[in-house]
Amino acid sequence: MTNIRKTHPLMKIVNHSLIDLPAPSNISAWWNFGSLLGLCLGIQIITGLFLAMHYTSDTLTAFSSVTHICRDVNYGWIIRYMHANGASMFFICLFLHVGRGIYYGSYTYSETWNIGILLLFATMATAFMGYVLPWGQMSFWGATVITNLLSAIPYIGTDLVQWIWGGFSVDKATLTRFFAFHFILPFIIAALVMVHLLFLHETGSNNPTGIISDSDKIPFHPYYTIKDTLGFLLLISLLLTLVLFYPDLLGDPDNYTPANPLNTPPHIKPEWYFLFAYAILRSIPNKLGGVLALVLSIAILAVMPFLHTSKQRSMMFRPMSQTLFWILVADLLTLTWIGGQPVEHPFIIIGQLASFLYFLLILALMPMCSLIENKLLKW
């Protein structure tokens, strides 16, 4: 008799995705981040659901409702901090996942890569709107500054901003709609994840060598299920350490002050995971130019498949490209640092140089380096 997991219509899908899936025998721990992102999304949806049961999206009571969750709801504090720090873990995994894709040339699976870029944009939008909900000072002013950027769009900009606000400033209508979108987007993300996996399973996974591995596959279960479980344990340990010992390490103290439209905080800055993009935005003196650079800092990932000039897929055997890759990583860390600094000398010029280097590396230096490597290998 055939096993039910191979015949049942629903279990068959699970079986082909998680159990009998042929996987390369040599994928390293860098391939763990996909499943870790799935875990993060699950944690965020569950904790978010419980928070939504007690949260009120009204300007008068939003801040108080978050305080009420932390003080009066059973284990409300741990749910709130798991959700807030879970977002940080989510972005750490996202950045490592994308970095892995760049290093090992996974972007040559263009459909999977493009859905991944959509997922990145959707996650960033969700995180931004979630940051507005506690209605602290940084929530309010962050929402004001970022939504205001759309006014840089010629002709329709001002109308567009007022349409998003639902009025002439960030107010009750804005908070209510942000809550609605923040609630629905994770489910859209979950649907996109399914599409992401659908396209990935059409081609099979890449591997560190970048060489086709069809002749050497192993079943996903038990080999990679056990490997993913180790990743889960490490991620949960790190998250719980953050939540239980340093819950406010990655937050902003300004957000413990209720939103006040009459008092602007001295340094308006987003959560740490947006600082690199914020630094790129601030490095251009022109408003529209800054907004374009901000969008392009992520959208530039979409041109990577077209800029792949190397005859090899992975960077595993390309030391020159590896060097440029790690310079890019260092550059992004520099941008993250600059994004959190005030707009004054020397931070302005460092930010401008780092922003210029970011685009230069991706658009020119890395493709040129690949061509040089081809020449050196006489390919």
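Using N, Cα and C of the backbone, Cβ positions are placed for all residues, glycine too.
Per Swiss-Prot, the feature transmembrane segment maps to 33-53, 77-98, 113-133, 178-198, 226-246, 288-308, 320-340, 347-367. Residues or ranges marked as heme b b562 binding site by Swiss-Prot: His83, His182. The heme b b566 binding site feature in Swiss-Prot is assigned to His97, His196; the stated evidence is similarity to another entry. The ubiquinone binding site annotation in Swiss-Prot covers His201, and the record cites similarity to another entry as its basis.
This view paints the features noted in Swiss-Prot onto the structure.
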| residue | record | CB count, 10 Å |
| --- | --- | --- |
| His83 | heme b b562 binding site | 21 |
| His97 | heme b b566 binding site | 20 |
| His182 | heme b b562 binding site | 21 |
| His196 | heme b b566 binding site | 21 |
| His201 | ubiquinone binding site | 14 |
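Highest Cβ contact count with the transmembrane segment (226-246) among the listed stretches 33-53, 77-98, 178-198, 288-308, 320-340 falls to 77-98 (criterion: pairs under 8 Å).
Between the transmembrane segment (178-198) and the stretches 113-133, 288-308, 320-340, 347-367, it is 113-133 that has the most C-beta pairs under 8 angstroms. Rounded to a whole value, the Cα-Cα separation of His97 (heme b b566 binding site) and the residue listed as 'ubiquinone binding site' is 17 Å. Here the listed stretches are 33-53, 113-133, 288-308, 320-340, and the one with the most C-beta pairs under 8 angstroms to the transmembrane segment (347-367) is 320-340. Here the transmembrane segment (113-133) lies next to the transmembrane segment (288-308) in space: the count of CB pairs under 8 Å, restricted to residues six or more apart, reaches at least 3. For the transmembrane segment (288-308), the list of distant contacts is 98, 102, 105, 107-108, 110, 113-114, 117, 120-121, 124, 149-150, 152-154, 276-278, 280-282, 355, 358-359, 362-363, 366-367, 370: same-chain residues at least six beyond its ends, Cβ to Cβ under 8 Å. Separating the Cα atoms of His196 (heme b b566 binding site) and His182 (heme b b562 binding site) is a whole-number distance of 21 Å. His83 (heme b b562 binding site) sits 30 Å from His201 (ubiquinone binding site), taking the C-alpha atoms as the reference points. A Cα-Cα distance of 29 Å separates His201 (ubiquinone binding site) from His182 (heme b b562 binding site).
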